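Now, the feature entries from TrEMBL:
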- Glu355: active site, proton acceptor (ACT_SITE)
- His354, His358, Glu377: Zn(2+) binding site (BINDING)
- 41-245: domain 'Aminopeptidase N-like N-terminal' (DOMAIN)
- 282-507: domain 'Peptidase M1 membrane alanine aminopeptidase' (DOMAIN)
- 598-927: domain 'ERAP1-like C-terminal' (DOMAIN)
- 1-24: signal peptide (SIGNAL)
- Tyr440: site 'Transition state stabilizer' (SITE)
Amino acid sequence: MAAGRTPQQLVLVAALMAVVGAGGAEPSKTDSNYRLPQAIVPEHYDLRVYTHLGDDRGFIFYGTVAIRLLCVEDADNITLHSKNLTLAEERIVLRELEPAGNGARSEDPVVGIKSVEYAKDDSDFVVLRTGVPLRKGSRYEVTVPFESNLTTGLIGYYRSSYLDKGSKQKVWLSVTQFEPTYARQAFPCFDEPAMKATFAISLAHEQRYTALSNMPVNRTSSLEESMPGWVLDEFDTTVPMSTYLVAYSVNDFAYREAPAAGPDDVTFRIWARRDAIDQVEYAADVGPRVTRFYEDYFHQKFPLPKIDMIAIPDFASGAMENWGLITYRETALLYHPSVSTASSKHRVASVIAHELAHQWFGNLVTMRWWTDLWLNEGFATYVASLGVDFLHPEWHSLEEESVSNALDIFKFDALLSSHPVSVAIGHPNQISQIFDAISYEKGSVVIRMMHLFLDEETFRDGVSRYLRRHAYGNAEQDNLWEALTEEAHANGVLPDTISVKKVMDSWTLQTGYPIVTVTRNYDANTAEVTQTRFVSSGAAGDRNVTQYCWWIPLTYTTAKSVDFNDTLPKGWMECEGERAAAVGPAKVLEDLPDAEHWVIFNLQLAGLYKVQYDRTNYRLIVRQLNGPQYDRIAPLNRAQLIDDAMDLAWTGQQNYGVAFAMMNYLRQERDYIPWKSALTNLNNINRLLKRTPLYGVFQSYVQYIVEPIYEHLRVFSADRPATDRLDAIKQLNLIASWACRFEVGDCVNRSVELFARWMNESSPDVTNPVPLNLRPVVYCNAIRHGNESQWGFLWRRYLQSNVGSEKIMIIGALACTRDIRLVERFLHWSINGTSGVRKQDATILFSSVSRSDAGFAVAKTFFLERITDIYNYLSPDTSRLSRYIKPLAEQMSSSDELRELGELIEKNATAFEKATQGVKQALETAQTNNRWTKTNLDKIGRLLPMVASRAATDQVLNFFEGA
């Protein structure tokens, strides 16, 4: 038994070892056994696929693939990927097309295949062993017939369906989802991103359907003689691209074509089921506009003749950037102006902008291996925020998105179980696990940081240089750093001694982020600045904390000369040589103001770091915030100050008195971003106090700070001024949600009244008196305070709804019920394919229930009892099990709950083998909650009565400082 560990900790260690063992190699190790040999590379695929959608042959597909190959090293086999495919081995043919050098072509170009072997491990290799050696420099063509079932698994080549409103009949369609490693489930191929080739795709199908692929249809021919009623669509040959970007679909959808702005414009078509074609107009407007923005931004025209964007009823992720045929969930592409909320509209704009950014960053230039997935996703996430700001400057969304990403990452990346942005991939089942907040949000945040310290011109020109240099090829992050460094040195933005690589490697190759401690010397008007890794477990002396340091761009302003817009670094915290493996050296800043004026670092959250100040500087900041000129501090930095103070208090590195003294000022705050920061942090406390005797006084405190902004916004007032500002609409929703949850003012009564009026409408699916952007709040609170009558009414609206975003909103609202029987039934419906809840939405339903007032205990029991059923229902993409365990773990804090969680994971280690990263994060989250309750519960118990009773700011501050 390990010394110093509690029984609960031992259970968690055992659980972690079990699930990591089941999941194969650790993410930090690269296993070459799962990588294709490099002796043979593909140049071109001729792919023909026949698709049967429920006819007399059922749901199957079959076809042939002919791959032109170049032999770059002598070899005695061809190794391909193939999974869940039946190969007609006796019909596999290998021909020599072009002998090496000037060698004579053999009389018989057919090369004998000695054997076909399937790897016994899970590498998905099929090895074609040849009778004679394959010679370096020669070209060959291998033709492989294949067949498989068209399943409903949401990966590979699969089938989806919808109910036609007119005929009331189920209609089937087929579609692909190949990222990251699922092309091998549709046709034998070299399924690695660096194995780029061109593709000539042909799709055979019943004539009543339409076929789509990456390129336009070149010609359509009848198959009437051999297959009556069938046609064959042959598509133009693609540009060189990776297998994961190949796409095709057979469907009966309708489309709308966007009007061209000029003769050189790309043909833009938006496809959807015919009942939803009235929801594509917004996508048809913003798609072409943001494409033109990127063409200008990247100095590179879109290289294909067309872009099709298609809304799929059943789709596992939000969207997929397939080159020329972008696939979406309905919620991410379709928008109905009288049904979809402003937040839904923002999501559609954001996802479209993200996927179109990929057409350059990911498709034109592709990561060499999944280690650099973040280059695709982080860059697309950041550039999408620029694209949305271009589309809708009236939304003021850029700041909100920056803060939202940073807040997410400050929480997620503070876990010791987080991972670097650029993460080595060993076992293939680890790839899907890194499509997470680190690759997307942290990738976006560090690229924004780089953009701000390089300046606009250097950033754009460096990115354009990178895209030109590596077009139609593959690259690694070092290639991007090289191009940006060349621009930065040419422009004089960085001194010759500093490279972008030197700076950015410290952010992408290490886990976590720093906390910068600023200690002022008020006599000398200087400050000493130090850094260390910030972790939510508060393990200050742990080597996992002290071994890290970062190149940090320091920005700051003072009360004497306020300028929060200057985000170019005033200096750098360096991290070189031996110090790169230890805490970085202290940096001394001079010419700071006197003891009457505050200093604030990290302007506009330009860097991914937290800041801790000395007591005097905190007092100056707290007084500024709680005074009439609180807005001298910029909104992003007001949000940052709250988030930093709350996180430092969470870990025990600072007293909660500082944070609550700051938040006293919220009673006069009118901007959205600081409220988002404050309520995000208070929600972390809320979920741990919810089941304790302290919850009543916490409710009183929330009522105290929320009441003024609720009254100011006049949430339910009919004469409230209309606004186009997205942040204002999001603020209205956020404040209304908290006001209703904590019973501030008339929020609950107004919600219940509005919902009752809706229930009394004779045609509730046509007429809805509930204000559009308040519907999530009103529905939830009417259900929370209602009974089965309200729940049944809203469930019927769910079944009748034709708008995907509305259906998701209703799922969230139905989860608000306090009726345990309804909660239990709703959870069971989530894994019943005939209930009306789509498989893709099962995790959303579970997460919503588990976070509701009455849902946690029921959701936990459901997960414990039905984990095998959930695993089978989610298969084959069981990485989504982490979306079940995380919302449960974030609410667990007692020793008994930790033991229960550990035993669950250990007992079901095999089920979690594709979700090891999420499991580790869930375990650490529960442990951190446990430590917080032991450390802070009593302190919060003494503080909350004071702040809830309107104690003065200085009183609160003094109470915890002991001053």
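If you go along the chain as it appears here, the first residue is 1 and each next one adds 1.
Placed from the backbone N, Cα and C atoms, the Cβ positions cover glycine too.
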Please report the Cα separation of His358 (Zn(2+) binding site) and Tyr440 (site 'Transition state stabilizer') in Å, rounded to an integer.
13
Given Tyr440 (site 'Transition state stabilizer') and His354 (Zn(2+) binding site), what distance in Å do their CA atoms have, once rounded to a whole number?
11
Could you tally the C-beta atoms, other than its own, that fall within 10 angstroms of the C-beta of His354 (Zn(2+) binding site)?
26
To the nearest whole angstrom, what is the C-alpha distance linking Glu355 (active site, proton acceptor) and Glu377 (Zn(2+) binding site)?
9
Below 8 Å Cβ to Cβ and six or more residues apart, same chain only. Which residues does that give for Glu377 (Zn(2+) binding site)?
Phe435, Ser439, Tyr440, Gly443
An 8 Å radius from the center of the His354, His358, Glu377 Cβ atoms defines the neighbourhood of the Zn(2+) site; name the other residues of that chain inside it, in order.
Glu321, Glu355, Ala357, Phe361, Gly362, Asn376, Phe379, Ala380, Thr381, Ala384, Tyr440
Could you tell me the mean pLDDT over the domain 'ERAP1-like C-terminal' (598-927), as a whole number?
95
Neighbour count (Cβ, 10 Å) for His358 (Zn(2+) binding site):
24
Just checking, which of Glu355, Tyr440 (recorded positions) has the fewest C-beta atoms within 10 Å of its C-beta?
Tyr440
